[in-house]
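See structure below.
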Amino acid sequence: MSLAFRSVARSALSQRSAVMGLRSYSSKEPTLKERFAELLPEKQEEVKKLKAEYGKTVIGEVLLEQAYGGMRGIKGLVWEGSVLDPVEGIRFRGRTIPDIQKELPKAEGGNEPLPEALFWLLLTGEVPTAAQTKAFSEELAARSALPKHVEELIDRSPATLHPMAQFSIAVTALESESQFAKAYAKGVNKKEYWKYTYEDSIDLLAKLPPIAARIYRNVFKDGKVGQVDPTLDYSANLAHLLGYGSNPEFLELMRLYVSIHSDHEGGNVSAHTTHLVGSALSSPYLSLAAGLNGLAGPLHGRANQEVLEWLFEMKKEIGSDISKERIEKYLWDTLNAGRVVPGYGHAVLRKTDPRYIAQREFAQKHMPDYDLFKLVSNIYEVAPGVLTKHGKTKNPWPNVDSHSGVLLQYYGLTEQSFYTVLFGVARAFGVLPQLIIDRGLGFAIERPKSFSTEKYAELVKSLAK
Ligand code: CMX
C-alpha cells in the first residue's frame, strides 16, 4: 500500500474520530491489509490444528450419480466468506442479507450496505468502521486508472462482441500490471504470496468500474466515459461512470446490487473457477477473467440477460393481459418447447432466494406501480406451481437473476446484454477475498480425481460385490 494512501486513510480516520468525539484512532486503527496481516497467523494456526487433529476424518461420501451430476453436494472446497443454506439462503460470515443491510456502514443518507465494507467483512470476518470503509473507498478510487493498452483494447472491440467477452478480455489484459506475477518471477518466498495477491486484487477491484463503464459507453452510448471521483463510494462511482449517477435511488440500487451479487459460497461456477485457476498460482487477473467466462454462461450469470429476453418475448405474446392464467400458459409453452424458465431453480437453494426478496423489497419501495415489476410479481405467484407440476426442477422458486434486470430497466439501464457485466463487477467482491485467503493459507493446487466410464463401471461393480 502506498504511503500517500495510508495518509489519506489516516486523515479520514481522524476526521471521523473528531466528529464523533472519540479518542483519535489516527495512528491506531488498522487498514484492511494491516488487519488481515494481524489476523492471518491465528487463522493459519487454526487450519493447521484442524488438519492435524481431524485430517483423516471422513466428511462425506460420493455417489456415482454425483460424479455424473455436476458433483452436486460433494464437500471438497474451503470457502471462508459465505455459506449457503438450501432453505435460508446466503450468510456472509454468518450474516444474512438483512443483517448486512443493518450492520454494514452506509453512504451518507443511504440505507443500503457499502460493498467496500462487505469486502472487508468477507476478507477478515469483521465489520469495518465507517472511517475504515471511507478510507477503503478512497483507496479504490485512487487505484482505478486503466493502462492505455487496456483502454485501447476495449475501444477496438467490435460492438457486436458480447460485453462479457469484452470484460473478460480487458481483465485478462490487466495481467501486465500483476505485482504477483512479477514477484513470482523474481522468486519471492511463498509466505509472501498473499501480499502480492492482495495488491493485485485491490487494484483489480478498483479498475472494474472504469472497464465496465467503458464497455457500456462504447457499445450502447457515445463512447465517452467520465473520471472516477475520489470523494464518492465505489457504487456511486460505478453509477456515475455508466451515466446514471444523478439519480440517488440508482446509487442505492448499485450498492444493494453489488452487495447481494458478491459472494455465494465456493461451488458456483464463477467462484469455483476463479479459485481453481488461482490455485495454479495464476494471478488474480487471470483467475477472475476465468471466473467471468464461467459467469457468462446462460445457466449462471447470463440468466439475468435471459430473463429480460424471456419477459419481452412473453410481453410480445400476451400483450397487456398479464393475468395469471395467461402467464401460466406461457410458462407451459416455454417448458414444452424444451427450454428452462430463466431465473427459476437453483443447484443448492430450495426456497425463494433471499437475494430475490431483497430486490423485491427494493422494488416495492421504489417502483410499486412499474408494469414490468407487476409482471414479475405475477410470474412469482404462478411459476413455482407450474414448475412443481412439471416435476423436473428440484427448486421451483426464483433466484437472484429473476429480479435484477427489472430494477435496472426501471432506471433506464435497458441494455440487457450488459447485465452480466454488472454481476461480474459484483462477483469480484466475493471471489477476490477468497483468493487472498487461499494464498495466505497456502492452499494446494486443485487436482481432484477423474475416471473414465469404463473405470467407474469396474469400480462400482467391484464395490457392489
Ligand atoms: N426451468 C425448467 N427446467 C428446469 C429449471 C427451470 N428453471 N431448473 C431446473 N430444471 C430442470 C433441469 O434442466 C433438469 O432437467 P434434466 O433432468 O432434463 O437435465 C432438472 O430440472 C433437474 O435440475 P435441478 O437439479 O433442479 O437443477 P440443477 O442443479 O441441475 O441446475 C440451474 C440449476 C440453476 C442451472 C437450473 O435450475 C436452471 O437451469 N435454471 C434456469 C437458469 C437460471 O436461472 N440460472 C441462474 C442460477 C443462478 C445463478 O447462477 O446466477
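All residue numbers here begin at 1 and follow the chain in the order shown.
Including glycine, each Cβ sits where the backbone N, Cα and C put it.
Around the Cβ of His300 (active site), the same chain contributes Asn268, Val269, Ser270, Gly294, each under 8 angstroms and 6 or more positions distant in sequence. Residues annotated as active site in TrEMBL: His300 (among others).
Sequence-distant neighbours of His346 (active site) (same chain, 6+ apart, CB under 8 A from its CB) are Asp353, Asn395, Trp397, Asn399. Taken from TrEMBL, the feature active site applies to His346 (among others).
The feature active site is assigned by TrEMBL to Asp401 (among others). All chains included, 27 other C-beta atoms sit within 10 angstroms of the C-beta of Asp401 (active site). In the three-state DSSP classification, Asp401 (active site) falls within a helix.
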